Every structure is written in C-alpha cells, then in structure tokens.
C-alpha cells in the first residue's frame with residue numbers, strides 16, 4: 001500500500017503535517033478521529049463520555065480494516081490508535097508509518113498553551129497524565145518505519161517526503 005501513516009502523541013502535529021503532506025503529494029487526507037466522528041455523528045469527547053474508551057478503540061479497529069483497501073492517502077491517526085490491539089503492525093501493513101516524535105517538554109508546553117476540550121484523554125491539562133502516557137506509548141511508536149523529530153514544521157515535511165520516497169524506492 002502506498003500510504004503515509006502518521007502516528008505519535010496527541011499534540012505532536014499529525015493533523016497539521018498531514019494536511020500539508022496531502023497537498024505536497026497530491027494524496028487525499030484521512031483523519032481517523034474525524035472518520036469516527038462522522039460514523040458516530042458525535043464528537044470524540046461525546047463518544048468517550050457516552051460509550052467509553054473501549055467502544056472508541058473498537059471503532060478505531062473498524063477504521064483500520066477499511067484503510068487496508070486504501071492507497072495514495074495520508075492517514076493521520078489518533079494518538080492511541082497504534083497502541084491498542086497491536087494496531088501498530090496493522091498500520092505498518094497499510095503504509096509507510098512515520099512517528100512524529102516531540103520531546104515531552106514541548107508536548108507539555110503545547111498542552112498548557114491551549115485548552116484541549118476536544119481531547120478526552122488530555123482534559124484538565126494534566127501534565128502528569130501526559131507524562132505517563134508518553135512513557136507508556138513511546139516504545140510502540142518507535143516501531144514505525146521512520147522517526148521524525150517534529151520540532152520544526154518545514155524540516156519535518158522535507159524529512160517525511162524524503163523518507164517516504166526512499167521507502168518506495170524512488
């Protein structure tokens with residue numbers, strides 16, 4: 001499959017870089033959280049509140065199965081999608097996985113800078129929770145095909161495109 005799959009922590013820039021990559025490569029952008037919101041006709045926050053996290057993770061698995069048929073897409077995943085049900089391996093079969101690595105200190109700055117009411121796992125700007133999440137997820141994220149330190153927007157885009165072309169053998 002010739003897709004680019006962006007993974008990483010919440011606030012790592014997956015949606016922002018995904019939008020720009022889709023323009024550069026002339027690929028459609030798929031945001032897994034947006035797809036789930038459209039399927040359920042509810043926000044992620046509402047889904048978590050009404051049905052719980054397990055239900056949400058089941059919906060992510062449904063999305064992964066749909067994505068197996070896609071090609072020439074930039075896929076921006078929710079931060080937890082690669083973590084559950086060994087989804088990282090499914091994502092690697094869907095396309096070229098890119099872990100957008102952002103230092104924890106930078107993630108905390110980004111979280112504190114804004115109120116993230118739409119992100120149920122980041123409610124109350126709980127830096128300790130973010131730190132725990134980071135520690136628990138990093139090992140799985142690092143199984144991606146490539147790791148891009150996303151502290152500079154333009155540099156990250158260039159590195160992702162180069163790594164993707166190399167992976168494709170171009």
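Cβ from N, Cα, C; glycine included.
Same-site candidate for substrate binding, as annotated by Swiss-Prot with 57, 79, 137, chosen from 31, 33, 41: 33. When secondary structure is read from DSSP and collapsed to three states, residue 15 (ATP binding site) falls in the helix class. Ranking the binding-site residues 57, 137 by how many other Cβ atoms lie within 10 angstroms of each Cβ puts 57 at the bottom. Residues 33, 57, 79, 137 are recorded as binding substrate; their most distant pair of Cα atoms lies 18 Å apart. In sequence order, the binding-site residues near residue 11 (ATP binding site) (Cα within 10 Å of its Cα) are 79, drawn from 33, 57, 79, 137.
If you measure from the Cα atom of residue 16 (ATP binding site) to that of residue 57 (substrate binding site), you get 23 Å.
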